[in-house]
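What TrEMBL lists as transmembrane segment is 13-31, 73-98, 201-224, 244-265, 272-293, 305-328, 340-371.
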Amino acid sequence: MGTPLLVDNWKEYFELLVICGAIALVHIASYAPRSGLRAAGQARLEAWSKVIERAITVAGYYILYSLESTSVTAFATVFLIGAIGGLAMALGLSYSILPKISISEISDWSDLSESWIDNKTLLLQALPFAITLGVLPYVIRIEKFLVAGEIGVDAAAVFHVAQLAWLAGLVVPQALRAALLPVLGEVRSAPEKFQSALENSLNLCLGVLPIGLFAGAGIVYFLLPAAFPEQYVDGSLGASAVDLFMVLLAGWCLTLLATPTYTALQAGEKPWNFTLFISLVVVFAVIIGYFLIDWKANDSQGSGLFAAALASTISSSFLLFLSIHLSSNWNLIRQRKKDFTLAICLSMISCYGFTTGSWLAISGLGLFYFIPQGIQAMSATVEPLSEE
């Protein structure tokens, strides 16, 4: 709606705007069936609906790439088709698995929880998350906007490619949060069970950490240069997309470790704390990003790009510790301080080694110490689901 106010020749892009609007509506429509699957303990099926959506989209992109298409509208149309495919699968799975209940048969919605007493109460409970969804997209894009403004669009393009690989890795903590959210929501009134679920999720995250660290570094180092044109990986601007990713990888490690406490905020009894949390992260990211990028961009484009990647990682560390504080989980961290400290130190040293190309990278092998407890935590998570 704001496009006509910002773009004079917006009518030339009307078709593209309609398609992008439809994509947003389809994604919003998919929230309900996917949330239903997740709440029913079928997080795997929810994940499959997303996998199918991505598969359709990537296949369509490949076809357009093979045809040497440069039409933005064509790529947006493929994106829409993928979103519709994901929605159709989510609807089909939820219809076939979830119990058939007529709304007219439910006389007292308050049996679900106090949030369902009436529409006004439900809306007020949902409002913090609605506001957060509006703010959340900017958390991972702030540095890119700042790079474009301070250094230029060519540098922003290189940073964008590095961030694409990083965002692909963020699917892991997002999937873990999606699976953990209904579990924590169910036991949020039982402190002991809540803490037990948090400990299990922390063990699972620690077990995933070394796999994601080395798999991410290896995939990007070997495959990114083959997937993108030379100007993104040759370091002609002082930093390549691969170099920047290795810095961003440290932020991925911190974001993964924040999964339990991040989700605890979402599932907690004070939803506005989650809104406050995301808002503070955005403000911090803007301040630290502007300070570092503006400071180093005067030296060289490469310095500015590395500053942007470093700002993103610092923001991830702020996200981690703020989520611990707002979710009141410092006791959990104190109980697991050895594991927590070891995980952070080894992952940061390893990422520094990947960035500088030194042998320090192999220090991350020590993180494989956490694999057994990660497997044990996975077993503890699967058993209750199988009983249901």
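Including glycine, each Cβ sits where the backbone N, Cα and C put it.
Each of these features: where is it, how hidden is it, and who are its neighbours?
Long-range contacts of the transmembrane segment (73-98) within the same chain: residues 15-16, 19-20, 22-23, 26-27, 29-30, 33-34, 36-37, 40, 42, 45-46, 48-50, 52-57, 60-61, 63-64, each at least 6 residues beyond the stretch ends and with a Cβ under 8 Å from a Cβ of the stretch.
Listed by sequence, the residues of this chain that lie at least six past the ends of the transmembrane segment (201-224) yet keep a Cβ under 8 A from its Cβ atoms are 161, 165, 169, 172-173, 176, 180, 233, 241-242, 245-246, 249, 252-253, 256-257, 259-260, 263, 332, 336, 339, 343, 347, 350-351, 354, 361, 364-365, 367-368, 370-378, 381.
Away from its own ends, the transmembrane segment (244-265) comes close to residues 158-159, 162-163, 165-166, 169-170, 172-173, 176-177, 180-181, 184, 194, 198, 201-202, 205-206, 208-209, 212-213, 216-217, 220, 224, 273-274, 277, 305-306, 308-310, 312-313, 315-317, 319-320, 323-324, 326-327, 329, 332, 340, 343-344, 347-348, 351-352, 354-355 of its chain (Cβ-Cβ under 8 Å, at least six residues beyond either end).
When Cβ-Cβ distances below 8 Å are used as the criterion, the transmembrane segment (305-328) is approached by residues 139-140, 142-144, 146-147, 151, 155, 158-159, 162-163, 237-239, 243-244, 247-248, 250-252, 254-255, 257-258, 261-262, 264-265, 268, 273, 276-277, 280-281, 284-285, 288-289, 291-293, 295-297 of the same chain, each at least six residues removed from its ends.
Sequence-distant contacts of the transmembrane segment (340-371) (same chain, six or more residues past either end, CB-CB distance under 8 Å): 203, 206-207, 209-211, 213-214, 217, 243, 246-247, 249-250, 253-254, 257, 333.
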If we skip the immediate neighbours and take only residues 6+ beyond the ends of the transmembrane segment (13-31), which ones have a Cβ under 8 Å from one of its Cβ atoms?
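Residues 3, 7, 49, 72-73, 76-77, 79-80, 83-84, 86-87, 90 contact the transmembrane segment (13-31) from elsewhere in the chain.
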